[in-house]
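All remarks here apply to the structure that follows.
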Amino acid sequence: MPEAGPEAEPGSPRKKIFVKTYGCQMNVYDSARMVDVMAPSGYTEVDAPEDADIVILNTCHIREKAAEKVYSELGRLRELKKEKSGRGEELLIGVAGCVAQAEGEEMRRRAPVVDLVLGPQTYHRLPEYVARLANGGPGIVETEFPVDDKFASLPMAEKRKTLARGATAFLTIQEGCDKFCTFCVVPYTRGSEFSRPVARILDEARSLVDAGVREITLLGQNVNAWHGEDQAGRPATLGYLIRALAEIEGLARLRYTTSHPRDMDEELIAAHRDVPALMPYLHLPVQSGSDRILAAMNRRHDADSYHRIIGRIRAAKPDIALSSDFIVGFPGETEADFEATLDLIRTVGFAQAYSFKYSPRPGTPAATEEDQVPEEVKSERLQRLQALLGEQQLAFNAGCAGRTMPVLFDRRGRGESQLVGRSPYLQSVHIDDAPEHLFGSLVDVVIEEGHRNSLRGRLREEAAVLA
């Protein structure tokens, strides 16, 4: 077992930690757990690096130039560290996450201001590392893959912290990926697939619900590859886990992301039909509509199999809102390949989507392909693709006008007395003149307008709090 960091002495001054998060929802979860794991050592979270004794950059390596953005931020932190040193104050600087995993020792060589480099599977040892550095120890680089050890060592979040984070929460149930898509760094930065045991997931979910969370999003790089054992010791998949979580009293909503088409099994599809708490929304990345490009990406499915999966899902849950990821300009992509992607979008119809220009990631097979698509072609294709997706998203949102939906209010809006919540379909819903007591509640809302990126509505007369 790793050495634990020191417990804070009663009455000792609270130290402060600032974590800046880049990238995906899993990093949001990881950042929150870093704060949790430092709490027993006397650290409290602050909103600005200037106020902190420790600054952690929790990084993402998916997009191009991710590392350079981190080094740029480290340049600013170097100046802050100098300022603090001039006032007799110390500042420890750490880099965590996937850029840290990929860069390793190179990060401390290029940026000596960094005291600590730790990969995504080692942040549970943060108190130990900080204690060693505080005692004058040398800089630390730790990029091992002890995934099970990490989750077994994480404390439950304090109730007050969970309350402060709101009525929605992320819960990581799976990490890593074994698919090895040729464009993706995840298998190299997050490691092979690992699934958390059912009991630990249920314990964490109950803790969140006890603290006021009403909606939990299950996270994984390949979340529907999660597997475990049911109460009888038989193999279980995500559909079983969702049913078990839905039995937790007080948990109103469940979601999960991100999925792979290869792992959409019948039990999971049936859960969409049978479990009321599972929201009618599915993010199922396809990346391309061209079979040739899908094969080059090593996606292990073709366009037709994706269509068949969508057909089974819609048969089980006719009102489901579909979301996806698309990459344009993958090496070798022709105009015909791109048109096949547009055809798939027109045929399926998406309520929401995320789209990107292909960016070579060092160490991935696609990065060394010779037939890279010119940048101007990528940009032009992305513009066309996003225009089509935007039309579909607007049509879906506009079609919600006149409907009454249960909305979970989890944010305060920009305007006075404005609240923002989530519909079952993950749309942002804005209402004005909202009573403050509805924050964190699930309430029926009449949708009046549907815009491209949000809905606007009003409370139903005599609307009661649903949860």
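Positions of Cβ are set from backbone N, Cα and C atoms, glycine also.
Quick look at what Swiss-Prot lists:
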- 15-135: domain 'MTTase N-terminal' (DOMAIN)
- C24, C60, C98: [4Fe-4S] cluster 1 binding site (BINDING)
- 163-395: domain 'Radical SAM core' (DOMAIN)
- C177, C181, C184: [4Fe-4S] cluster 2 binding site (BINDING)
- 398-461: domain 'TRAM' (DOMAIN)
For C177 ([4Fe-4S] cluster 2 binding site): intrachain residues, at least 6 apart, with Cβ closer than 8 Å: C184, V186, P187, R190, S192, E193, Q221, N222, A225
Secondary structure content, the domain 'TRAM' (398-461) (per DSSP, counts of residues): 4 helix, 31 strand, 29 coil
All-chain count of other Cβ atoms within 10 Å of C184 ([4Fe-4S] cluster 2 binding site): 22
The domain 'MTTase N-terminal' (15-135), counted residue by residue under DSSP: helix, strand, coil: 66 helix, 24 strand, 31 coil
Site of maximum Cβ density within 10 Å, from binding-site residues C24, C60, C98, C181: C98
DSSP-derived structure type at C177 ([4Fe-4S] cluster 2 binding site), helix or strand or else coil: coil
